[in-house]
Amino acid sequence: MSRSKAAASTPQPSSRTKAAAPVQAAKAATSVTAQQTRAMPIIEEIDRRPKPRQSSRSIVASGLSREDLARLIAQGFRIETRTQGNIVPQVIRLQAPSGVSVAQARQRVRLVDAQASVDFDQFYYLDESTPACTGAACQSPSLENWASLVKWSGSNASQCGPAPLIGVIDTGINVEHDALKDQAIEIVAQQTRRAIASLPDHGTAVAALLVGQPGSQTPGLLPDARLIAVDAFYRDGGTADRTDVTSLVEAIEVLAERGVRVINMSLSGPANEVLQKAIAAAQAKGIVIVAAAGNNGVGAEPSYPAAYPGVVAVTAVDHELNVYRRATQGPYVDLSAPGVNVWTASAQGSGRLRTGTSYAVPFVSAAAGMLLASNPMLDAKALQTRLEEDTRDLGKPGRDPTFGFGLIQMASLCPGPAEAPSIATAPEQPSAVPARGRPWTSLDH
């Protein structure tokens, strides 16, 4: 990337011409007027229960030698788990000695090896708003015509080259969903899992946006793409799905080992020295990470990993190209994509409307996958530059902390017509097809 996110404190002028207005929306299975679409409320319910930011007993470290570990064990530290360290630096999760706070434990490790990366074992959450309701009352015949907004056509992908390979770090996925059961999806269950398995709803929604079958009620952007998804989340005592530094680093390494070059991370959390080191190592291998800008609102702290240099940070806009009201803003925001009332799959069957920067990320991940399919020699820096150039400028001219470089535009990424595809609308009476078993955690690595 040609500029540092940390240094991008003011909007930068843009030399490119603003893209033309989106093409006319496709005809839906159920007729929807513009007035109906604009009248749709944002379907969300904000969970205001406090979520812990980090473990109260563990820290994480990278770059420790065997001698360092021996000294720490002698001081009462205990190794909880460690990553493989084959592609990105090995991360070790250490439990602090009895009676020692995590802040004190971090300092002790730094005294043993000042060159090591040491930080708290911080938690990361999904960037979505919980639906305020479900069922026919919430699933009115309305689709936000997201394909038209980003100038997407299925014929574009078919002319990009070989089907792209995309990695996803998320919750479990219901691969028996009608939109996913015949798709090329590989699920990897983590070895470092330490709690109750995640719920598959968020991962199913993200996967359907990426690779949902064209003829299903929740079609995806790249139905022919191959998806490798790492279930890196778990339940945090029953209130939410979360992940942690070690789980994220392990997931990145798993995907890197499988040759993935685009990783979708619809999640966010605090800055972490150890995670940043792992992401930088992945980027050095040519991997592009696309992450959610966060749902903490204007004035909130930057969300990570989106705010790290080189990571593509994606915010959410609605059908009128207004930024999602709870989206985190800042100079690190790179691109905008649809993320308000987006219709996608539900793990329980059929689909529902979704809101959050989580659901904007797959649009940019799909665009990155398309670019790599047609230009496999494109490096990470050039790929991100191309994504930033193929945008429709929103807000203030040029880059700004609300919309970044603007709304992603996909028509010019590959040869092909720019008309929007025909996409089914939300059904009035969706079927409640239950997920069968837990096939999404059947494959270990």
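Heads up, the Cβ atoms here are built off N, Cα and C, so glycines get one too.
Per TrEMBL, the listed range annotated as region 'Disordered' is 1-36 (candidates: 1-36, 181-216, 217-252). Sequence-distant contacts of SER358 (active site, charge relay system), defined as residues of its own chain at least six apart whose C-beta falls under 8 angstroms from its C-beta, comprise LEU126, ASP127, GLU128, HIS202, VAL206, SER266, LEU267, ALA292, ASN295, GLY339.
If you count neighbouring Cβ atoms within 10 Å for each of the active-site residues ASP170, HIS202, the highest count belongs to ASP170. Following the DSSP three-state reduction, the secondary structure of ASP170 (active site, charge relay system) is strand. Per-residue pLDDT, averaged along the domain 'Peptidase S8/S53' (163-406), amounts to 94 for this model.
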